[in-house]
Structure formats: structure tokens, C-alpha cells
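> Below are the C-alpha cells for one structure; questions will follow.
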């Protein structure tokens, strides 16, 4: 069963020193960082102006021929996707003009069949992010004449997508007609990412409209997917939304699955809902155990963990950035170095790179201006301040300028080996690729932007849209796991904390540990329980185990199953959050079952830079492939 992994591991040992080399710091100075930031700003306007002049109001720009094309719904997709980038750059005039045009002219009562996933992350997310910026004085970008037009459009769009969720499993159809609902001939097969990457946008909409339906349907979709995980906590790539049967059982962190993992953690960070945290902990442990071949990630059978595809997929490049948010820095640094070495070799990352041959995968030679590697570079620099990541950003900027820039914008690269340009520019180039590059160099130059200096902490959607942790969004459900949470005084638990053995007997779902109980208890004294003016209690509330709360169980998949042996898990120290995202794990043994006490809340501490969870990652392999950077 494990035999197919051995050749890959041997190849990795032979070539790792050659391929995953030390990235030499070229020394980007603060002054150079300012110049690079300004160059990225010019890059944005070259593409944005090209779109507005030659393609608007069509969806996307054809940058070689200077034309436009409708690729999603024919409703100015690139403009919607670019709104919060305009705000981030401080362009008040164009932001206000664009918001006003969209509010007056955009309508969704059209006979168009659209992707639920793409429409959610690009259009719904773009509208919500721009609404939250335009309606709030605290952002410095409030539009005086704005009257929630984008929010009304977002609600209308989301309601038109609700019929897609009417399935026996709760997992939505992949497409929906905005006027007529789901077509009777619509495919019943959807991807894991397509069904599990809707929670942020729909959840924010529920909080802004006080209508829980949007959050409920997307949460049920996540539950429907997770309930059908394998016994080793892996999910496949495609599933039948009616029967719940997996139609593609390849598990990985790339194509068709990637943002499922991303939204588990980000939904917890934004909403404070520990159900998402629990699922993320279990899913992440399984991914690191069965998919991680340091520093690469492979695809395996979701039931047996047998290797099926030794491939670096370009969508995997988001993973180091997600690991930063989870606090697992050391493997993120090594994996980023490996992924960036592919970029250095070709000038771009191809859609597929074969880890057995160390060549571009046949049929996957393109680079469609994807942002994922740049996104991870930004997060790693933000967490470590190591100049190697600035150097990587400078190299990627140079590649885009010299290889992808064309007459009216930036072109897809159809072949990374020969740098052949293609006449297409995805809207996410302006929503994500340019945004993360600009944020990287602005951070190095001395940040002065909404994300770094604004009134809120922001969660980036998978499309790079800015979703702020405002009280209306993040405190609405009074989750005790959220910083500063309040609990109803009538529910205050009077008894002391239960013992470990008592918790063992009640933890029916073998959940991961959310808190460091000892350190939390030492922080919570009698003075911690203070009545608030609203009659709520700041502190800890009564709680059930995860299994009792949510009734989540898995549906065993057919196929070979692997027994999991338990091992001791040491809880990491949490610096400025009361929860633990990642427990220490061993690469040689399955994740262990640990106790959960969901009843603790901790006073928020003074912000110490990145609001990340500290995690002391275990040393999995020899560290000669990259320096360990103390954050």
C-alpha cells in the first residue's frame, strides 16, 4: 500500500539539495521597496486602464488585441473584482465613480447560467468588500452619497444562487441560472472546493442582512463534505451532490480541493465559529501526514493514502500562506523555497510540474497570471521579515513585467518554457496578483494602507477580497472562542473547570485541543468574570463537546482503511489568541486524539504585530534546505 511512495521519496532525496536551493538575499532596501511598490501601482493602472478603455463593461480584457469578452455573466466582472484594490491604493475618485456606476447599472435578473463558485468569490465577494469600505467612515474611503446599493445587489445575487443548494447532501450544484434556477440537465458532480469555498461571502452577507439562510446553506455544504471524508480524514476532488459518492477520490491540496482547506481556517478566524476550527485541525493533520513529502505535496487515494500523482500543481502555492495564518511557519518556508525554485527555473510557475521527472507536466504548461505564490510570499514576509521574500517578490515582478506585459494589459502565458503570450487577462490578476505584490513592497517600505493601518483586522477571501472583522461580522453569534467574546449571563457556568478525566469521558468526538487549559486557567481569575452593560458576561460559557453540539460524524468510504494509532500531542503556546489552530504533529505517526474544553475565553491582549497563532513546529527533516527563521 505504501510502496508507491518510495521511488518519489528517493528522487526527492537525490534532487532536493540541487533543486531546493538557498535563495540568496539581494538586499532590497527600503528605498528600493518604495520604487517596487510604485512599479506595481503602475502595473495595476496599465491593466485597469486598458480594461476600462477597451473592454468595459464586458467581463474581462483581451490585452493583446485590446478588446473585451464576457466570460462569467456579462456584468463588468473585472471592475467588480478590482474595487477593493482601488480602495487599497487610496484611489478615492475611481473607487467612488466605480461604486456609483455599479449601483446604478448592474442587474442580475438575466438569463445566464453561471458558476456558483466563481460568482461567489469574484462578484459576491467583490460587492461585499466594496460595500464594507464605502459605507464605513473608519476606512477613510466612505462615499457620502452611498446608500447600500452594493449590499442590495449582493443580497439579490445570493438569493438567485440559493436554488443550487437544494440537494439531498446540502452540497450545491456547480452552476445555476440567475433567472430560472438549476437546469434539469445540470451536472450533479461538483468539486470539493466548489462546494466548500462559499462560507466567507455568504456568512458575511448573513451578518449584514440579519438573514441566517445564506450562512446556513454554506455551512451545511461544508458539513456535507466533511461527513463524507475517509477514515483517515481526507476528502476527494469531486463528489455527486445527490448521492454523496466521491467520483474522484484523489486527495490533495491543489486543484479542486485547495480553498476548501483555506475557508475552514478563515471562517474560524473571521467568525469565531469553532466548528470550522475543529474540522480544520483534523483536515490539516491528515494533509500533513499523508500528502506532505517534505517540502512537496502529492496527491494520494483518499482511503488508502496510496500515491497516485507526484505533481506540483500551481494552485498548491497558496498553502504556505495558509500555514502562516495557522502558525506553522517552518514547513511553510521550506515549501515556499521549493515552489519558488520552479518559478526561478521557468520565469513562471506552470500549471503542473512533475516531481518524478522534474519537468513541466505535458498539457499543463501555462501560467494564467495566478497569484498564489505571490500571496504566500507576502504572508511569509509579514510573519518573518526575512529579506529573501522581498527578493522573491522582486523576481516575480520582473518576470511579469518582461514576460507577461503586453499592449493593453498583462497576458496569460500559454507555455512557460517559451514564454508564449495568450490574449486573455483574468479578473483575478487585478483582484489578487497585483494586490499581494503591492502589499508586499508597501509593507517593506513602511506600510500606509487600509490593511496594515486600518481600523480592523482583515481576512482575505480566496479571491483576495478584504473582509473586516467588525463587531457586526465577527461577534454576532457570541462565540466564546472569539477574542473579546461575551456570553449571556443566564448561561454562565458556575462550577469550576472539569478535570481532564471528566473531559475525556464527555469528549465524544475526539476533537482537537482548542486551548491551553493550564495557561488559560492561570489567566482567568474571579475578577475575569465582569458584567457588561448589556447584561452579558465576559469570560467563559457552558459548552458541549463538538460531537454533542454539531452531531458531526463521518460516512465511511469504501476502499482500504488505515488504522490510526494515538500519540501524545503537546499543546503549543498561544500568544494573542485563546485558541490553538495547530497542535504539534509527527510526520511519522497519525495525529493523536486530544482533549477539548470549549468553554474558555480569554481577554484580548495588546496587538503584537501579526495576529497569528504561534506554533513551534516540529523539525521534520534536516534543515539544510533552508534557514529556520525565528519569527
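Cβ atoms are placed via backbone N, Cα and C, with glycine included.
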> Identify the region 'Disordered' range according to TrEMBL, selecting from 431-452, 453-474, 475-496, 497-518.
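In TrEMBL, the region 'Disordered' feature sits at 497-518.
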> Within 10 Å of each Cβ, count the other Cβ atoms, then let me know which of the active-site residues 118, 258, 351 comes out lowest.
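Sparsest of the active-site residues 118, 258, 351 by Cβ contacts within 10 Å: 118.
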> Whole-number answer please: how many Å between the C-alpha atoms of residue 372 (active site) and residue 351 (active site, proton donor)?
12
> Please give me the CB contact count at 10 A for residue 462 (Ca(2+) binding site), counting all chains in the structure.
26
> What whole-number Å value do you get for the CA-CA distance of residue 258 (active site) and residue 462 (Ca(2+) binding site)?
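It is 10 Å, counting Cα to Cα.
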> Once the chains shown are all counted, how many other Cβ atoms turn up within 10 Å of the Cβ of residue 372 (active site)?
24
